[in-house]
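Take a look at what Swiss-Prot says about it:
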type     : residues : note
DISULFID : 5-38     : disulfide bond
DISULFID : 15-33    : disulfide bond
DISULFID : 18-29    : disulfide bond
DISULFID : 22-60    : disulfide bond
DISULFID : 40-54    : disulfide bond
DOMAIN   : 5-60     : domain 'TIL'
């Protein structure tokens, strides 16, 4: 059963991956599943900022 993600632009994933951040948009990642969690919706261009929010990569502080 999917958990509720409380922050905007997050989605629950049963097979956790490697999230992009403002510091590194694409994070090299193995194919093994990490623990299930809420992750930023990478397919829509969202990455995790320093405050833990999911924002568009182009909106990251320069």
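Glycine is treated like the rest: Cβ placed from N, Cα and C.
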Fewest other CB within 10 angstroms, which one of the disulfide-bonded residues 5, 29, 40, 54?
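Sparsest of the disulfide-bonded residues 5, 29, 40, 54 by Cβ contacts within 10 Å: 29.
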Mind checking which of 15, 38, 60 has the fewest other CB atoms within 10 A of its CB? They're the disulfide-bonded residues.
15
Taking the Cβ of each of the disulfide-bonded residues and counting other Cβ atoms inside 10 Å, which one has the highest number: 22, 33?
22
Give the helix, strand or coil assignment DSSP yields for residue 18 (disulfide bond).
coil
What does DSSP give as the helix, strand and coil breakdown of the domain 'TIL' (5-60)?
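Helix/strand/coil tally for the domain 'TIL' (5-60): 6 helix, 17 strand, 33 coil.
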Residue 22 (disulfide bond): which of the disulfide-bonded residues 5, 15, 33, 38, 54 is the nearest Cα neighbour?
54
Just to verify a number: CA distance, residue 40 (disulfide bond) to residue 15 (disulfide bond), in angstrom, no decimals.
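Approximately 13 Å lies between the Cα of residue 40 (disulfide bond) and that of residue 15 (disulfide bond).
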Does residue 18 (disulfide bond) have same-chain partners at least 6 apart in sequence with Cβ under 8 Å from its own Cβ, and which are they?
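Listed in sequence order: 27, 28, 29, 34.
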Please report how many Å separate the Cα atom of residue 33 (disulfide bond) from that of residue 5 (disulfide bond), as a whole number.
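So the alpha carbons of residue 33 (disulfide bond) and residue 5 (disulfide bond) sit roughly 19 Å from each other.
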Return the member of 5, 15, 54 nearest to residue 60 (disulfide bond) in space, with distance defined Cα to Cα and candidates limited to these disulfide-bonded residues.
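Of all the candidates listed, 54 is nearest in space.
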Tell me the Cα distance separating residue 54 (disulfide bond) from residue 38 (disulfide bond), rounded to the nearest angstrom.
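Residue 54 (disulfide bond) has its Cα 10 Å from the Cα of residue 38 (disulfide bond).
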Provide, as an integer number of angstrom, the distance between the C-alpha atoms of residue 15 (disulfide bond) and residue 54 (disulfide bond).
18
